[in-house]
Amino acid sequence: NTYKEDFENMIEENGNSSDFSAFTHTNTTSAILITAYSVAFAGGGIGSITMSFVLVKMNTLSVTTTAIINLVIVHSLLLFTVPFRLHYYVKEKWVFKMAFCKVVSAMVHVHMYLTFLFYVITLVIRWLVFFQWKDKVEFYRKLHAIAASAAVWVFVMVFVVPVLCFEYGRSGSYNETICFKFHRELQQGSVKALNYAIIVAVACITCILLGLQIFILVKVSRRLSTSLWSHQEFWAQVKNLIFICVIIICFLPYHLFRAYYIQHMSDFDQLESYNEVFLSLTALSCLDLLFFVLSGS
């Protein structure tokens, strides 16, 4: 009886840990993940390199230009980690250290929220100019632009990175050959609350951005009714929609699905794969720089 009980306990333990010790993505979800990150890597890499050459030739250092420079940096940081993700999805085995897995996993989230922040800053600055609260918004010295950018990055390094390093993936032990399976963290009440707060904030800010941009487009349309399609101001406002469209297409679906995922994550294993697919959409925001270059923005 003792041996039988031990055997049953061993089977039960293996069953409980199987969710965290096996590559659970199906062939379809793996194909989607590989495709999404490959497109992001190729398009994002070309866009970042091309935009870097464009920025070098620019003489002015507006707040918008500074935000774009920071976008190039944050996209480049994500793109550096993408090959390791692709290697894992293709080989179905993590061959690097677990600490590096946490870095690669966290980088997608850091990239998403920093990109979102720089989009919001860019849009707000352009709207200040539109409403004539400012004739133009520029840094008078390069040092000021560097200081403003450094302030954002210092905030990330001081408040975000330590939390990710010391708290990310601490709920239990993880299989060294399996990566990106840190969803056990979501079982904690504080982590759930933080996720819900972020989801609500992103959704509300997105709605506000879209509403303001539509209001501005309507206002411009009424003012320039006769020469609307040939006026530079109208197309400048249309180009602002690029930022908002990227947020709606790449960031919003992940957050809306995450609200459902947090509630039902224990219902069936495949939900985690769906969450990974929605997360991979956020990496496609790297294509924004390529689109800016091609559209002449």
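Just so it is clear, glycine is given a Cβ too, placed from its N, Cα and C backbone atoms.
Residues or ranges marked as transmembrane segment in TrEMBL: 31-56, 68-90, 110-131, 143-164, 196-218, 238-257, 277-294. The domain 'G-protein coupled receptors family 1 profile' annotation in TrEMBL covers 47-257.
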Segment proximity, the transmembrane segment (238-257) to the transmembrane segment (68-90), 3 or more C-beta pairs under 8 Å: no
Take the C-beta pairs under 8 A between the transmembrane segment (110-131) and each of 31-56, 196-218, 238-257. Which stretch has the highest count? 238-257
Out of 31-56, 196-218, 277-294, which stretch touches the transmembrane segment (238-257) the most, going by CB pairs under 8 Å? 196-218
Could you give the residue numbers and ranges of same-chain residues that sit at least 6 residues beyond the transmembrane segment (277-294) on either side and whose C-beta is under 8 angstroms from one of its C-beta atoms? 29, 32-33, 36-37, 39-41, 43-44, 46-48, 50-51, 54, 68, 71-72, 75, 78-79, 82, 108, 111-112, 115, 242-243, 246, 249-251, 253-254, 257-258
